[in-house]
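S.K.: Grabbed the feature section from TrEMBL, which reads as follows:
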- B:7-120: domain 'Response regulatory' (DOMAIN)
- B:Asp56: 4-aspartylphosphate (MOD_RES)
- B:130-229: DNA-binding region (DNA_BIND)
- B:130-229: domain 'OmpR/PhoB-type' (DOMAIN)
There are 2 protein chains.
Amino acid sequence: MSGPGALILLVEDEPQMRRFLRVSLEGSGYRYLEAATGQEGLSLAAQHRPDVLLLDLGLPDMDGLEVVSRLREWSQIPVIVISARGQESDKVDALDAGANDYLTKPFGTRELLARVRVALRHANPEAGEQPVFTLGRWRVDLAKRQVFVEDQEVHLTPLEYSLFTTLIRHAGKVVTHRQLLKEVWGGAAGAQPLYLRVYMTQLRHKLEEEPSRPRYLKTEPGVGYRLFLED
Amino acid sequence: MSGPGALILLVEDEPQMRRFLRVSLEGSGYRYLEAATGQEGLSLAAQHRPDVLLLDLGLPDMDGLEVVSRLREWSQIPVIVISARGQESDKVDALDAGANDYLTKPFGTRELLARVRVALRHANPEAGEQPVFTLGRWRVDLAKRQVFVEDQEVHLTPLEYSLFTTLIRHAGKVVTHRQLLKEVWGGAAGAQPLYLRVYMTQLRHKLEEEPSRPRYLKTEPGVGYRLFLED
DNA sequence: CTCCTTCCTAACACTTTCTTAACGCGCCTT
DNA sequence: AAGGCGCGTTAAGAAAGTGTTAGGAAGGAG
């Protein structure tokens, strides 16, 4: 997760500051977690693997620097330190302990958010493994929006692709007619079960070896369709 | 190269500041390069691939922000901006343009060095970035903004070039209409899908052998466009 | 100011995709 | 065995999306 919806963990003991940052971060579309102590912060970081950690140095239970170095024992999560201490030696120590950035209070919200964006940008230079779905002779590269059968690319129209990936998302499970129509054609009205039959036929012709006796794109009579995982 | 011996490029027009930083950096064991203008800085960056770039925003020949975004067209080299301007909006703009850090003059040497160490620590292990992209008969020098077909230079207008390099950045993947309009025309409103059709036509005429049956600049109907990598 | 480049816009031809209808087949019920 | 039902299949028209061209507006350079 790198764009909006990224998870930010704030470790800060001052309630007023927490409330302020919470509003700023949630208002910018980030998911948000908070801890009031270093112990709690480390434990939450381990549990939830946030995308960025905002760390106040002045914590009651342990030194902020220790939080950073403990975290760095197992994680490369970007850490932005926010601190009232503006001494150069404080900054140097924090940065050398493993922090990625150091912001002195008071600071502007917009600068903080910009630095969070930098951290997120840096966090995954496409580190996230590309989502590729494979099944039998099929390979689907969700990122590139490409479908291969026996390493031969097959072109799918937008609706075909949408229908197919919807089944992939629910791979193995039955997806009802209603659910498919909703997810592929959008909640709007007008979508008829007939569409499903037409497009399932087309998908089978493009993807199945024997379209008339499908191996993976199975019909569940009276209920819906299912992408069969077993062989 | 990431530890001592790393190469630092300083882009700064003020001789006094240059001398000062040179002493600090060389004294810390870094290899050192300098440029007095944005143009020279970009060119040196392309030639020598420094591990970190220190950039003064107040350059005589071009805006510092433009240096960053030009650089980001082909390189992920960490950029630390050093500037006399301390306004929050300056910081936000620079960071959003692609800078990794922002330091306001005057600053302490030790803090600068600590931030350089952070940048180096972060340095991309995946050094595979090339300022030159080649595909079939095409060669694109991202640093110099030059495009060649069969070693013959082809002139692209700014928008054509931007559209082309956007597709290159996402080479192989489908780029949606929305995304292209956002990245090429800027988030602002008014951008219409019609623009894409017009400029794709022009690109194809300038770059493709058979513009009406493109080999690389493919359309994904209803979705977007894709720079096709396979043959 | 004029020339030149680049960008935006509109019109029209064309292609792909979507929707719709008709028909065939097998299964179950009566 | 006949009829109803659900699903698969096919094809054709409608709709949506795309390619192409050209001309005028806007902006910058000399």
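Every residue gets a Cβ built from N, Cα and C, even glycine.
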S.K.: With DSSP helix as H/G/I and strand as E/B, how many residues of the DNA-binding region (B:130-229) fall in helix, strand and coil?
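M.R.: In the DNA-binding region (B:130-229), the DSSP-based counts are 36 helix, 26 strand, 38 coil.
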S.K.: Hey, does DSSP put the residue listed as '4-aspartylphosphate' in a helix, a strand, or just coil?
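M.R.: The three-state answer is strand.
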S.K.: Taking the Cβ of B:Asp56 (4-aspartylphosphate) as the reference point, list residues of the same chain whose Cβ is under 8 angstroms away and which are at least six residues distant in sequence.
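M.R.: Within the chain, B:Asp56 (4-aspartylphosphate) has Cβ neighbours under 8 Å at B:Val11, B:Glu12, B:Asp13, B:Glu14, B:Met17, B:Gly64, B:Val81, B:Ile82, B:Ser83.
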S.K.: Looking only at the domain 'Response regulatory' (B:7-120), what is the model's average confidence as pLDDT?
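M.R.: The predicted confidence over the domain 'Response regulatory' (B:7-120), as a mean pLDDT, is 93.
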